[in-house]
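Trainee: Feature list, courtesy of TrEMBL:
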- B:15-38: transmembrane segment (TRANSMEM)
- B:59-91: transmembrane segment (TRANSMEM)
- B:103-125: transmembrane segment (TRANSMEM)
- B:132-155: transmembrane segment (TRANSMEM)
- B:175-194: transmembrane segment (TRANSMEM)
- B:223-242: transmembrane segment (TRANSMEM)
- B:262-292: transmembrane segment (TRANSMEM)
Amino acid sequence: MTPVEPREPVATAPVGVVLEARNVIKRYGHITALDGVDFELRSGEILAVVGDNGAGKSSLIKALTGAIVPDNGDILLDGQPVHFKGPLDARKLGIETVYQDLAVAAALDIASNLFLGRERRRPGFLGNVLRMLDKKGMRAEAERSMAELKFRLPSIGSAVEALSGGQRQGVAVARAALFAKKLAIMDEPTAALGVRETGQVLDLIQAIRQRGLPVVLISHNMPNVFEIADRIHIMRLGKRAAVVSPKTHTMADVVAIMTGAAKFEEPAASASR
Amino acid sequence: MNSASALSFGRMSKIAARFVGTPSVGPLLVLLAFGLIFSLTNPRFLATQNLSIILQQTVIIGTLAIGQTLIILTAGIDLAVGAICVLGTILAGKLANSGYDPIAAMGLAVLACSAAGVAAGSLISGLRLPPFIVTLGILGIITAALRLISAGGAFPVTDEFLGWTGNTVRLNGFIVTYGVIIMLLLYGMVWFLLNQTQWGRHVYAVGNNPEAARLVGIPVGRLLLSVYVLAAFIYGIAAWLALGRIPNADPNALQTANLDSITAVVIGGTSLFGGRGGLIGTLIGALIVGVLRNGLTLAGIDPLWQDLVTGILVIVAVALDQLTRGRR
């Protein structure tokens, strides 16, 4: 495995579409999980994906991260069609995913966790022949990116198990931010966390957007979604029921669309292109 | 007075920590304590000749414990460690005694040991069988096969090359065998792999959280396979060291290798739950086992008591690990 250079700040066109899905269909036997869903992530935004259980939220995310292969439909990254055969394909193209359960190695330190699976080697003979890790370089880089994200942590050399749950998830989120070239997908990143810790992670996600990286946030938690999302993609029955702005719609509106109690009213200014 | 001694004790363990790493301080103190007790009860214990004997007696278990450490770090366990090593001694001995070139014989024996590692690693990583069961099965298969091949009996191995590791050099009046030097070199090389390379990082990551390792793209199955093969390769080298120590191939040898190697690893501070610990601790742990067996022998205590004490030691060490886990 070759070490990956850290992400350069993404040049952001105002309404450039980073990731798009068109008419994606996925069936499991008789069950249609995705029934022609469309999806659009614009550069520099936090797009929340909400929906009731079974609405196709997680199938959509799996299709976007390569965890499942759709039966039909197109996925476009920066306007180019892509075909992911597995999660590694999506990662190679710059899509990083953060999972709900804390995907960290507890006994390893923060810097080791940030670079886990993408360790850097020292230059020259030591790295090429003896395959020695560049521990100092990785530490410095880890410290730099944590400072840039304004995420407060104890010493970068302390074991992840010494951290709080929020700080641990912060490490996983920062890892995605460090390596995602195109976008980061956060799948219920705060579901296992308390209120204060959730706040830390939400701040971190906003810091990532400020650096220019678009984020897809899957969440059940409406207040969290309304706190940080720029737009809200609402799933219902395997389709995109609507995309609304938290500025023009209330939580009650969103829940109504989610459950089918209300139809989406077309002229929502911020949702149209 | 009391606080002053506590202070100096704290400073001492800090100084020790700089040399052996914080987790290995406890085992080091245990080793020093055993050394102190035995040297007080028997003046012969500290004689350079005896210390050199302890090192020589530690060679086989110490080398086997390197492989055992790698496997336990991935949250596995190897119960076939002694059997694979005996496979090496019997094969090398049989081939050399029937006229094969001794270097080729030893090479083939090490290869055969590595093949046992391929078998164990494939079953564990491919079929996801528990390491405990797989290595227990391999232990049974190899033990039975060896007794069939050698018709149950031990035989002498007098070849010069196969016994080469028993040769000695004198360092400042201190006698060490080539085997001791080879063991220490192996410790150095595997320490480097574990602590300075990506492979080592991934061994720890897989032992800590295999799911997280898979999610960040570490090829978990391939890594596990490489660990079992490297461990078995080291057991093959240990077979050469064993022939240097005792020029005899015995299918019934190394019966306590499982207990001793696991004890060395666990009292060396490596967690049976995987992902924590390291080789420096294991070397200290192997020396603790060696010192204990030697000290009890010098005191004229029946060898069966040594197994009993080793058994107690491993249970105490695992209990300590379990208790401290709650606080992490």
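Using the three backbone atoms N, Cα and C, a Cβ is placed for every residue, glycine included.
All TrEMBL annotations are machine predictions without curation.
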Trainee: Counting Cβ pairs closer than 8 Å, which of B:59-91, B:103-125, B:175-194, B:223-242, B:262-292 has the most of them with the transmembrane segment (B:132-155)?
Mentor: B:59-91
Trainee: With contact taken as 3 or more Cβ pairs under 8 angstroms (pairs 6 or more apart in sequence), are the transmembrane segment (B:262-292) and the transmembrane segment (B:103-125) in contact?
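Mentor: Answer no: the transmembrane segment (B:262-292) and the transmembrane segment (B:103-125) share fewer than 3 Cβ pairs below 8 Å.
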Trainee: How about long-range neighbours of the transmembrane segment (B:103-125): same chain, 6 or more residues beyond its ends, C-beta under 8 Å?
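Mentor: Residues 76, 78, 80, 84-85, 87-89, 91-92, 95-96, 131, 134-135, 138, 142, 159, 161-162, 220-222, 224-233, 235-237, 239-240 contact the transmembrane segment (B:103-125) from elsewhere in the chain.
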